[in-house]
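*Asks:* The structure is given below, and queries will be raised subsequently.
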């Protein structure tokens with residue numbers, strides 16, 4: 001083995017260790033700040049209640065898929081320990097972070113880029129918050145990132161997608177390193193195709209709507225290559241014709257991944273992940289179209305909204321709430337959204353750096369896939385959540401990291417490195433400090449707000465509402481019903497209907513900031529406040545004691561245990577509410 005090959009192998013091992021260190025720090029920070037005993041959230045209860053230890057079972061609506069229950073099955077099926085489940089999920093999240101960025105070690109020759117990319121993605125507070133959560137977004141992000149990393153050609157290979165370099169230029173290969181530091185001498189085609197298919201199958205199984213659009217980008221790129229095969233024809237010595245790489249840019253003889261193979265692997269992986277969803281659609285909803293229609297009804301439908309307000313909703317959600325719905329009147333906390341302003345210039349620098357090396361596809365392909373994931377959330381939905389864009393941030397992270405390294409390289413050439421490094425370190429420390437502050441703030445908000453469900457359960461028990469029972473209401477009906485051992489009212493029923501439903505009449509209503517519906521008032525239902533809640537305005541409504549078959553409230557007016565909770569002056573909706581100023 002030559003000295004150059006040995007140096008490359010050592011660099012690859014160092015980068016793999018650095019990547020593993022970033023992933024370990026990601027898991028450790030999440031467990032240190034977000035207490036493993038944090039009660040399961042609304043969506044988590046739906047997924048976990050597929051298993052008896054986390055019962056009673058809650059309704060599994062059309063938009064949900066079986067990927068997350070499959071992920072948590074090894075722990076959820078055998079016990080009901082929330083801390084154990086969260087520790088297991090944190091380890092799984094850290095491992096998926098490693099696997100998601102591992103293929104990029106082969107795709108990116110510049111040392112340090114991939115660990116930096118993983119650090120950029122994993123440093124935002126909501127990535128850390130959801131590390132131990134039974135939620136789909138992080139795992140979809142890692143599946144897409146791994147798939148794109150496999151599709152990007154190794155340095156010096158004849159790429160499967162055109163790189164945009166000008167034909168007719170010479171190739172500078174002297175003193176150039178070989179493949180990426182994490183790549184073997186030849187990228188095995190069969191293993192690459194299998195990795196692409198497996199990553200996309202896992203991502204699609206967990207969240208199909210986030211996978212379809214990036215796969216469309218891959219298929220479009222493959223089609224473009226087939227229509228213009230000259231763009232992937234290798235030049236002398238196995239390098240593609242085009243702009244000569246900058247001195248020291250990577251050139252190798254690693255084998256290309258043919259465009260048809262990538263297209264077939266991506267399509268097969270997506271279809272394999274869609275298969276369980278399609279089978280369930282046929283069995284439960286009658287057809288795929290009916291399931292899509294039912295999911296659209298639940299999610300409020302999707303329609304084009306070419307307005308700056310849609311982007312501002314996502315910017316506002318960076319400071320909470322976990323789900324901004326409805327999102328009218330929200331304001332953007334620019335301190336929380338400041339890092340958003342760094343994304344466009346860093347991505348632009350990354351694209352320019354890749355272009356200088358004759359490898360524009362290295363940056364353009366993941367950037368296009370990131371945009372494909374983001375567009376439906378930014379311009380077709382009237383609500384926002386920070387976790388929705390996790391796949392976009394993950395796909396942009398390697399491009400932004402390439403831009404950072406390119407800027408440092410230019411600063412070194414201009415002899416300004418001593419100025420740029422302290423500035424970059426200061427920005428990084430400020431960013432990490434603020435993100436950890438946000439993580440601590442929002443994990444505390446959620447820990448306290450989710451206790452409201454227990455407070456409402458105690459009030460319901462004090463007024464005779466016990467299993468088996470049916471709850472309805474205008475907010476948080478599912479988690480409150482689950483906590484109380486009840487089931488929520490039939491999907492589609494609204495508590496404010498002019499008359500109660502003929503089937504499944506609720507035994508109680510859970511209301512927040514809403515009046516008693518007319519039918520309940522006519523039936524002499526009574527409203528009872530829930531004391532000392534994290535969020536104000538919670539009340540429960542129950543029918544007269546003779547109807548409910550329960551004893552009346554004690555004459556003293558005190559509710560057992562309900563008064564013992566400490567009052568809290570700041571809050572967020574137990575599932576989706578907005579944080580207030582302390």
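Cβ coordinates come from backbone N, Cα and C, glycine included.
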*Asks:* Between 301-321, 322-342, 385-405, I'd like to know which one TrEMBL lists as transmembrane segment.
*Replies:* 385-405
*Asks:* Do you know which of 223-241, 242-260, 261-279, 280-298 TrEMBL annotates as transmembrane segment?
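*Replies:* Of the candidate stretches, TrEMBL labels 261-279 as transmembrane segment.
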*Asks:* Which stretch, out of 50-68, 69-87, 88-106, is listed as transmembrane segment by TrEMBL?
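*Replies:* Per TrEMBL, the stretch marked transmembrane segment is 88-106.
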*Asks:* With an 8 Å cut-off on Cβ pairs and a sequence gap of 6 or more, do the transmembrane segment (17-38) and the transmembrane segment (385-405) reach 3 or more such pairs?
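*Replies:* By the criterion, they do not touch.
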*Asks:* How about long-range neighbours of the transmembrane segment (88-106): same chain, 6 or more residues beyond its ends, C-beta under 8 Å?
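*Replies:* That would be 12, 15-16, 19-20, 22-24, 26-27, 30-31, 36, 71-72, 74-75, 113-114, 117-118, 121-122, 130-134, 138-139, 141-143, 145-146, 149-150, 152, 154, 179-184, 187, 195, 394, 397-398.
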